[in-house]
Amino acid sequence: MHGLLLAAGLLSLPLHVLAHPQPSTTTSLAGRAGTVDLNEFRMAHRSSYTGNDEMMKQPSIASFRQGTYLEVATELVKQTMPNMEFRLVDDHYVGDSGIGHVRFRQTMHGIDIDNSDFNVNIGKDGKVLSHGNSFYTGPAPSSNPMVKRDFMDPMQALHGVRKALKLPIKADGATVQDMSEHKVMFKGTSGALSDPTAKLCYMAKEDGSLALTWRVETDIGDNWLLSYMDAKESAKVHNVVDYVAHATFQVYKWGLADPTEGNREILNNPWNLKTSPLTWLADGQNNFTATRGNNAIAQYNPDGGNDYENNYRPSPKNLKFEYPYSANMDPPKTYIDASVTQLFYTSNVCHDLYYMLGFTEKAGNFQVNNRGQGGKGGDYVILNAQDGSGTNNANFATPPDGQPGRMRAYIWTRANPPRDASFEAGTVIHEYTHGLSNRLCGGPANSRCLNAIESGGMGEGWGDFYATAIRLKPKDTRKTNYVKGGWVNNSPKGVRMYPYSTDMSVNPLVYTSNNKLNEVHAIGTVWCSMLYEVLWNLIDKHGKNDGPVPVFENGVPKDGKYLAMKIVMDAWPCIQPCNPNFVQARDAILDADKNLTKGANKCEIWKGFAKRGLGVGAKYDPKNRTGSNEVPKEYKYSAHME
């Protein structure tokens, strides 16, 4: 048979292949000439599952415990499938429940059998909890195809897939570029969003036989396909997998701060595959039809408890997260499906936008599966809608990287009927930003660096700043004022002392205001007021991108809004001391701009801070802060000049 192909240093499956989002629920390649029904090419179900009860009937395996969870899992596969050839897939991790998840890929003659996996789950006690198996057990090819090389070249496979599926790809004059021993890339094609690739692999067929195939990957936007073309018959496609999950979400779309700013819409596939390549409904191990995935898990939590995995969450089989909601509906539990869906949507968009701005796996972001990109996985955000542990508030708990964050969105009783915090995006964004700032200030492994009164206040201010920047509208100018929490609190004044404004007569807060403040939200209002000044200075200089994502040039956002958000985010890791004060945070923002743009915006930044008393001469003393409207000498500036 075949020797074990498992050793340290073996190449893992490419990252895009590890992405296994929910297969498309649509039946055709819409918009293509002579539409093709993809259901004809779905893979057959071949897997088996051995649960814990069944494992306990196999004492020799159930009690097996030796070494790390990877070693235990490897030994199980050896014992269960003796003499099989396989390799470790590099997407293993330990989840928040303490269960280790390990996956193996079967190989034959050193070539992957692409639909033959063995996944093992190891419990907290180090013993095998359960496993799943789809290994191929039929007859093996008598010879290594790489020796005879009696199969078509990959270019023929690309043309075969293009013709069979009627894909809008042109490959005349394209060339083949080697990527690895069994994988190539096609350069010079048109019609695809990225260069198509082809990988030689086996496919276990429904009839029990094995087929050598070219797995041709083509991203054409509405469909991102893995097409398994027979390597010997150019007109035969065995299977097709579509990475694009066609899910719909009925929500207040990104940019609407609360229900007063617009109507709900039905959005199709709202995720960004560059920042959430597994989509929002998969984690690389599992595909979900409920509000859970790699970045977040959202559910109803009426008792306010800490257990959440078995709580109710909407789970439409057709992936249509479309539920009725009106602010006049009462009681709130009657629209819990809409509430959970909205909270899940807003939090996932936060993940995707913040990822673009720098909150990645290495920086300690919130993901179950980090896909080999660094950081610690196993830490999506737990999203509790209509949490019963409180009212008239929301909060976010941020443990170190590798442990899930937790957001609690409460019912607010200041209106009749009560209002649900899930529908105020400003509240959700504010809370999610706590996770961002706590992970970045002090590093992913230390979530204790925003606990002093002034640093804690800045944590609140950063949350307000991002929520306010995101809600800016196309017609807004520096004369536009915004309140925080107006809708959910049923108050035109919102939940802060003053609106965010560049008009000192509307919002008079300055650095020395902190001398009379001893509450973090109040101090945070001072900090965000300063950042709001900087934001508009940068917008006036660079313009404002009103789209949902930034446009970069050499890693720098081209507009002032996203540039301000990027500089503020970059500043957090630059803050050297734990629990920084306003002066140190201001300097970190200047340093971040110097690193990002070579200091091209220091004038605008200095003017924004100096206008509200955090100029060159500002000094920190916890009981007697000294304010300053001075800027460096090269910038002539009057304190209240815009």
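For all residues, glycine too, the Cβ spot is worked out from N, Cα and C.
Source: prediction; values computed, not measured.
These come from Swiss-Prot:
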type	residues	note
SIGNAL	1-19	signal peptide
CARBOHYD	Asn287	N-linked glycosylation site
BINDING	His430, His434	Zn(2+) binding site
ACT_SITE	Glu431	active site
CARBOHYD	Asn595	N-linked glycosylation site
CARBOHYD	Asn624	N-linked glycosylation site
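Structural mapping of features recorded in Swiss-Prot.
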| residue | record | Cβ contacts under 8 Å, 6 or more apart |
| --- | --- | --- |
| His430 | Zn(2+) binding site | Ala394, Glu460, Gly463, Asp464, Tyr466, Ala467, Lys484 |
| Glu431 | active site | Ala394, Asn395, Phe396, Met407, Ala409, Gly463 |
| His434 | Zn(2+) binding site | Asn395, Phe396, Thr398, Gly459, Gly463 |
| Asn624 | N-linked glycosylation site | Asn515 |
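Compared over the glycosylation sites Asn287, Asn595, the count of CB atoms lying within 10 A of a residue's CB peaks at Asn287.
In this structure, the C-alpha atom of Asn287 (N-linked glycosylation site) lies 40 angstrom from that of Asn595 (N-linked glycosylation site). In this structure, Asn624 (N-linked glycosylation site) belongs to neither helix nor strand by DSSP; it is coil. In the three-state DSSP scheme, Asn287 (N-linked glycosylation site) is classed as strand.
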